[in-house]
């Protein structure tokens, strides 16, 4: 039978390996390191560093809710074709029919795999003209930091449209970007307003990307940070960090382009050419994790959450884990990971500091005691030396008078045997 003392080395070894593994050092962790890739949230020495999820098209494969789709009842539509302005237009007419998959144009085509050799297009009903509009709404499932929103059209681009964002899962909406040939008339905003640090969190209206040509294949791409003064210092700009954050994206098509022929005798044929059609909706960005996670994963309920590191927690790693509150939570930056700190770890550091302070106090007391002893032995410098020599002289005189010898440690002239018989040097 092994004694308890024999088991002690094994217990210490196990504890050491467990601690080192928990701290990201060697030990049991070295076996895992051989089979798992390095964690982007820590450097090769195990020190925390900023990490971010991969850049993705957050719209891919997600459901888009739209207010209008052709084909509920079979309807004819006509595609106008003309390479450039001034060229004679031709029309190719087809039928939109929800009961026939080959003739249907559902909203699922907005976020499917975009193949330029086999375009699939969502399409609205015909001639929905201002003040009526068409709305498409996309939920991202969690907070993302959005870099761009883009739409590629199968129809002419809208004359006026707005991109909105929500940060609270669709409860409230704010404009992200506005497009119109008549910004003031449509949205009561100036055209191409100058962006400064004072208004860099505000949406801008522009007449760019509003021309109806090309009649198909036109692109509208909104870059969230383009022209924003603090974009070069994004890490230190809470305003822009908030500006690019979104949980949902909404696009509202406010007004169609027309050729001016909708009131002619063949207006019905003309109106069949006016509709919105989009082949691809993209939302480029990263899952918002505040620099404390390298990927987003699905939770038990199927929702998207950050896989938090650096002792952080929450859907966006936006708070410290329990018992890691000694340092206030902060977003990670390129220079500082801002890891949340274990309270016990900080208490240990404080205990070490207290011990060092106590040692310093003891050292100071020892130094003071030594100084006091030196002062007493000196007995005020020359005065003490005189007393010492006087005593020695007196004892020597007594020895000569009595004719005796002073014995070391006692004898004539000593008091209590304190004198050791050694004279002054």
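The backbone N, Cα and C atoms fix where each Cβ goes, and this holds for glycine too.
What you see is a predicted model, and the numbers here were worked out from it, not measured in a lab.
Positions annotated as compositional bias 'Gly residues' by TrEMBL: 406-425. Annotated disulfide bond per TrEMBL: 289-306, 308-317, in sequence order. Here TrEMBL flags 47-286 as domain 'Laminin N-terminal'. What TrEMBL lists as domain 'Laminin EGF-like' is 287-342. Taken from TrEMBL, the feature signal peptide covers 1-24.
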- Task: Using C-alpha atoms only, work out the spacing between residue 317 (disulfide bond) and residue 289 (disulfide bond) and round it to an integer in Å.
- Result: 5
- Message: Quick check for the class: what is the C-alpha distance, in angstrom and rounded, between residue 289 (disulfide bond) and residue 308 (disulfide bond)?
- Response: 8
- Message: Applying a 10 Å Cβ distance cut-off over all chains shown, what neighbour count does residue 306 (disulfide bond) have?
- Response: 25
- Counting other C-beta atoms within 10 angstroms, the emptiest spot among the disulfide-bonded residues 289, 308, 317 is 308
- Item | Local confidence of the prediction over the domain 'Laminin EGF-like' (287-342), expressed as mean pLDDT | 94
- Query: Would you list the DSSP helix, strand and coil counts for the residues of the domain 'Laminin EGF-like' (287-342)?
  - Reply: 0 helix, 12 strand, 44 coil
